[in-house]
Amino acid sequence: MNEFFPLASAAGMTVGLAVCALIVGLALAMFFAVWESAKWRPVAWAGSALVTILRGLPEILVVLFIYFGSSQLLLTLSDGFTINLGFVQIPVQMDIENFDVSPFLCGVIALSLLYAAYASQTLRGALKAVPVGQWESGQALGLSKSAIFFRLVMPQMWRHALPGLGNQWLVLLKDTALVSLISVNDLMLQTKSIATRTQEPFTWYIVAAAIYLVITLLSQYILKRIDLRATRFERRPS
């Protein structure tokens, strides 16, 4: 029975990791969507290339790249290097004493990048689904472009994007299992530890599956409530 307390703590770590990645990922998704929609094509192509790379790589590789790449970056900054611009050379060096990187932070960064790569396409599609007439109506009312976007376009865009973003949240929850490879004490790592200690792997992995299922069902309920609230103006009164 004592084994359930570490599992409950690890489940909290999993949900916390997913929520942090969701918050950062949504901000990055909006940034990527704007980046890919830039009017200057080279800038838009650069954004599309980054999103394509993130979507094309296996999720496990992205997690490992961020984790080991962070350590390598700290070593490079500590050793120092020179940026040669031709007419001027810029030395770059930082005094770094601690080269340990936070597995939790690396997990959040990796998962948020993965979430943003897919969510940005959902946001772009949702933005295109808003009728152009909304912009024209806002201009007729004398609103500025920013006011039109935030007061007229964005609320409608989020309603279109909610189903897709909700599905990607469920995928994000499952992707949190990948961070066990970089020693984040999430549900999967704790389950593996308990299974090894008790020599009952099947039993404890079934328990972990049940916990993931409960989290998913709760997420679906919350997403349904959010969707009902967001679309309440579109439903006819009974």
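Backbone N, Cα and C atoms are what each Cβ position is placed from, and that goes for glycine too.
Summarising the annotation, Swiss-Prot assigns domain 'ABC transmembrane type-1' to 11-223 and lists sequence analysis as the type of evidence.
Taken from Swiss-Prot, the feature topological domain 'Periplasmic' covers 1-14 (among others). Note on the topological domain 'Periplasmic' (1-14): mean pLDDT across this stretch is 86.
The residues of the topological domain 'Cytoplasmic' (36-48), classed with DSSP into helix (H, G, I), strand (E, B) and coil, number 9 helix, 0 strand, 4 coil. Residues or ranges marked as topological domain 'Cytoplasmic' by Swiss-Prot: 36-48 (among others).
Residues annotated as topological domain 'Periplasmic' in Swiss-Prot: 70-98 (among others).
Taken from Swiss-Prot, the feature topological domain 'Cytoplasmic' applies to 120-168 (among others).
Per Swiss-Prot, the feature topological domain 'Periplasmic' maps to 190-201 (among others); the stated evidence is sequence analysis.
Summarising the annotation, Swiss-Prot assigns topological domain 'Cytoplasmic' to 223-238 (among others).
Taken from Swiss-Prot, the feature transmembrane segment covers 15-35 (among others).
Annotated transmembrane segment per Swiss-Prot: 49-69 (among others), in sequence order, evidence recorded as sequence analysis.
Counting same-chain residues at least six beyond the ends of the transmembrane segment (99-119), those with a Cβ under 8 angstroms from any Cβ of the stretch are 17-18, 20-22, 24-29, 31-32, 51, 54-55, 59, 62-63, 65-67, 70-71, 74-75, 78, 164-165, 168, 171-172, 175-176, 178-179, 182-184. The transmembrane segment annotation in Swiss-Prot covers 99-119 (among others) and is backed by sequence analysis.
The transmembrane segment annotation in Swiss-Prot covers 169-189 (among others). Among residues of the same chain six or more beyond the transmembrane segment (169-189), those with a C-beta under 8 A of the stretch's C-beta atoms are 7, 9-11, 13-14, 17-18, 21-22, 25, 59-60, 63-64, 67, 103-104, 106-107, 110-111, 114-115, 118, 208, 211-212, 215-216, 219-220, 223.
Positions annotated as transmembrane segment by Swiss-Prot: 202-222 (among others).
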